[in-house]
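K.L.:
From TrEMBL, here are the annotated features:
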| type | residues | note |
| --- | --- | --- |
| REGION | 1-36 | region 'Disordered' |
| DOMAIN | 33-263 | domain 'Bacterial bifunctional deaminase-reductase C-terminal' |
Ligand SMILES: NC(=O)C1=CN([C@@H]2O[C@H](COP(=O)(O)OP(=O)(O)OC[C@H]3O[C@@H](n4cnc5c(N)ncnc54)[C@H](O)[C@@H]3O)[C@@H](O)[C@H]2O)C=CC1
Ligand SMILES: Nc1nc(O)c(N)c(N[C@@H]2O[C@H](COP(=O)(O)O)[C@@H](O)[C@H]2O)n1
């Protein structure tokens, strides 16, 4: 599993320093990790050309920045839709990054859909010492072979019973506070959430957005067209039924990197 190392210019780290997780202190036990929502979109707010496919959007500089972000978080979370579509590596490929600075890949797979096997990228990389072994958060016991693959490289499967959601029994089976508390209990102090569409759109809901500390979005100068995987959360209305914005960022900085621009901010309404 050899993919070329990325080159990261260290001075680029100063541009995003205010949005990075604080250094963990041994005496503090936060209820949730510092949470960064980060992804790459096109000008028409698409993550990919079509569902189930992977579309490269980031240029080399913004991609290296994403990998630097990976090295600054203790875990990186994706939904199972992304795991199936991309078979991602989820490691930091900046040359010279030690295993202790590699993030823990976490996959949300409530119904056990991910066909994880010995040839999955995260499994191979963990075996080769180039990434950490994956954790899977699920609502049902996995097939024995899948659990064995995960555990053979030192990963873990967390079977959780989600509290019964009143309205959307299948849309969001595990609440985000529950997911973040679980990860915090297992030593995750900073979490980078990379996607995909379903994960991002539900986190942009105001109820969940308060859990997000930083947002870092790479915007690539390309339109992908209709029918893609879109970042577009559910609309929101006030008490009179009039539409209002869903979420907004404050403390915003736009960082040009090559042909892309990287938008950094914090959800408005947070202290
Ligand atoms: N451009 C970019 O930066 C990125 C692009 N992508 C793209 O996004 C696409 C995948 O997106 P989607 O199909 O929307 O899938 P997704 O990756 O958002 O996964 C959705 C699935 O995750 C699980 N899930 C989500 N929230 C959950 C929760 N709160 N509790 C329990 N389970 C939960 C559910 O099984 C749900 O069906 C792919 O095309 C991929 O290439 C993915 C990540 C980043
Ligand atoms: N930052 C960024 N830019 C893009 O253009 C992308 N398509 C993505 N996708 C995310 O990165 C994962 C792939 O990671 P590996 O290179 O395999 O480690 C993919 O699964 C998405 O989460 N990100």
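Backbone N, Cα and C atoms are what each Cβ position is placed from, and that goes for glycine too.
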K.L.:
Six or more residues out from either end of the region 'Disordered' (1-36), which same-chain residues have a Cβ under 8 Å from its Cβ atoms?
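P.N.:
Sequence-remote neighbours of the region 'Disordered' (1-36) are 60-61, 63-65, 67-69, 72-75, 89, 93-95, 121, 124-125, 128, 130, 177, 180-181, 183-184, 188-193, 211-216, 251, 253, 255, 257, 262, 264-266.
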K.L.:
Can you count helix, strand and coil residues in the region 'Disordered' (1-36) using DSSP?
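P.N.:
Across the region 'Disordered' (1-36), DSSP assigns the residues as follows: 8 helix, 4 strand, 24 coil.
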K.L.:
Please work out the mean pLDDT for the residues of the domain 'Bacterial bifunctional deaminase-reductase C-terminal' (33-263).
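P.N.:
Here the mean pLDDT over the domain 'Bacterial bifunctional deaminase-reductase C-terminal' (33-263) amounts to 95.
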